[in-house]
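Can you keep this structure in mind? I'll have questions shortly.
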Amino acid sequence: MCAVLFSTAFDYGFLLHTSEEATATVALNEYLSSRSYLAGFSPSRVDQEVFELLHRPPAPQHVHALRWYRHIAALQRETPSPDSSIKGKRVQHPWAAPAGSNLPKLRLYNSLTRTKELFVPQNGNKVSWYCCGPTVYDASHMGHARSYISFDILRRILMNYFQYDVFYCMNITDIDDKIIRRARQNYLLEQYREKKPAAAQVLQDVLSARGPFQAKLAETTDPDKKQMLERLDSAVAAALGPLQGAVESKAGEADIQRLVLLEKAKDLLSDWLDAQFGSQVTENSIFSLLPKFWEGEYHNDMDALNVLPPDVLTRVSEYCPEIVDFVKKILDNGFGYESNGSVYFDTAKFATSQKHLYGKLVPEAVGDMKALQEGEGDLSVSADQLSEKRSQNDFALWKASKPGEPSWDSPWGKGRPGWHIECSAMAGSILGESMDIHGGGFDLRFPHHDNELAQSEAYFENDHWVRYFLHTGHLTIAGCKMSKSLKNFITIKDALAKNTARQLRLAFLMHSWKDTLDYSSNTMESAVHYEKFLNEFFLNVKDILRAPCDITGQFEKWEAAEMELNESFYERKAAVHAALCDNVDTRSTMEEMRALVTQSNTYIASRKSSKLQPNRMLMKSIALYLTDMLKVRESLLAATVMTGCVVLSLSGLPTVVKLVDKETLLRERNEKKKMEDEKKNKKEEAAKKKQEQELAKLAKMKISPCDMFRSETDKYSSFDETGFPTHDVEGKDLSKGQTKKLRKLHEAQEKLHQEYLQTNQNGC
């Protein structure tokens, strides 16, 4: 700590008693010349005494003494002048922290409050998230993609950008009224086909099935559904005629027409067979084949869309014991009642309790009978079943199974879960009494999610089963509701046949996750253009980074242009962060990234026009930031697999070989081939048209002017010796105007015919 410059062997008393300062200075300099005298942070007692002996700094020739003197002086509180004494130690200058700035914090639009709320997970950095999955009875369509791609984007951003530890749970609904009906009908239709009924039998059965179908058609009021049923009925009618004719004439094609009618009328027959024999289908395994198949198709679609699988996936069929226990506790807590083997949730009892509120998400929809009945399911809204409920607002927790439905044991008899209870029991089993996020489509808010909230809070006896409810917006097709009747029903496989998964995701990123997304050619063209715009930038940056350079040459001097671009780069990054904090606004994020790329392209072009290379490290930083933001460091850049090349010639600079990914190269080759084929076809069509015109002209030239009008007996009745008409079809003289007009035509034809004769003569 202290620098004891003088050892005890040194007789410094001589210095202290030497009256002559010059003599003391010489002795001090000689002593210090062989010792270290600059260690330590404060002077020792000996240092202080000798320092006070000297009234001024030593002369310059006494180097060691002067250096020591200055060192001791610097350790004092204030630097002494040559004729002043030391007053104390120097202290470190006070430091103050900068004021800083408040960074935006993540806010999410919470359907529970219908406003953007500050996102605060309940358990530190961990986020528990439950998402309503598909009801698997048919092919997944773009409406499904709207939810699952959007939630995948939100999930990835929360994990990869905001660095939350997300635990994501999703369900598969494999027990449902739609599944039961569809599985039963498929089974009965397959049984019918296996019997190979004769053509006459098929004809009779389809005619029998058409009666109730047409009655159903007459009762249908929904215009889209009515249009679909009318189209189906027309197709059946068109197939009935040929089979009827073949059966009556006993023609050989009757079997072919039988198969055609079976295909066209399969929906009618399925309904008819179900009405007659559906109650006889009781084996549970029959109802598992259909959802198992479509669940597999769903997972394949999600994989093709690059949607992350959930951390946990639950199936209703695997959670029936937990669902029964869940219902029992709701009954024990006083919020349910049993009726004829079914169990219903008592909405009135729940709503009047001090701790609870029914209809948190859409209070204005409470009492909407149409929505409530849709929530109960097609097989559960008969008059008898509706009469079992104390209130029309009550909903089924457990349904007594009827003949022709799958069933599980319960304290109330054979039955199956209600729709809403499924999610509550499964989510509660995995995530407990409260979760951070619950997600689903906008149309699930009421009654499904409101009923989930009610029964779950009745079970857990709390009022916070879900902290943040996120609902994705609707999807329209070119401005219209997606509907089979409108022939705009698009499956995920249909969409992937037209565009890549990355292009679909870009289209979703360019729109708000909570608003309506219109899937149209314009939407996808914008996404394709954005993708090409980004790929072109990344390829340009790769070209810059491939330029020969040694290890030190990659660090180049920054000029005003680099400073300006870098400042803009940081401004754009701040704007992107603000956008993502604002309810994960990917639309604004994509626009900020587009602006950054545009500015970078301008900078690159400016440098190259000056025959200078762009700054490598700055371009690399921007490109890496963009790939990180897209979360495709592995996929987007790997997508530019070097499988083809495009040679570019830049004025004044060496020729550039730009490596292009296989997908882009094939697409551009196909587009080029398509353009060449179109050009070739147009050329061939033009040549064909020209040839047809020449042949027509030749045919016209062959006609003698004497014969040109004689064939037009519907216009003229008399002709002169040259074949020129003199009277119209009614025997009246032609007018002067008509004669003049016809004379011109006659003369023109005479000229053409003479040309033909002359050409023909020359040819001989």
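The backbone N, Cα and C atoms fix where each Cβ goes, glycine too.
According to TrEMBL, the record shows the following:
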- 119-528: domain 'tRNA synthetases class I catalytic' (DOMAIN)
- 671-693: region 'Disordered' (REGION)
- 720-744: region 'Disordered' (REGION)
Should anything in the same chain at least six residues away from the region 'Disordered' (671-693) have a Cβ under 8 Å from its Cβ atoms, list it; otherwise answer none.
none
In the region 'Disordered' (671-693), how many residues does DSSP assign to helix, to strand and to coil?
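Secondary-structure breakdown of the region 'Disordered' (671-693): 23 helix, 0 strand, 0 coil.
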So how many of the residues in the region 'Disordered' (720-744) end up helix, strand or coil by DSSP?
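Final tally across the stretch: 9 helix, 5 strand, 11 coil.
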Could you pull the average pLDDT for the domain 'tRNA synthetases class I catalytic' (119-528)?
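Mean pLDDT for the domain 'tRNA synthetases class I catalytic' (119-528): 93.
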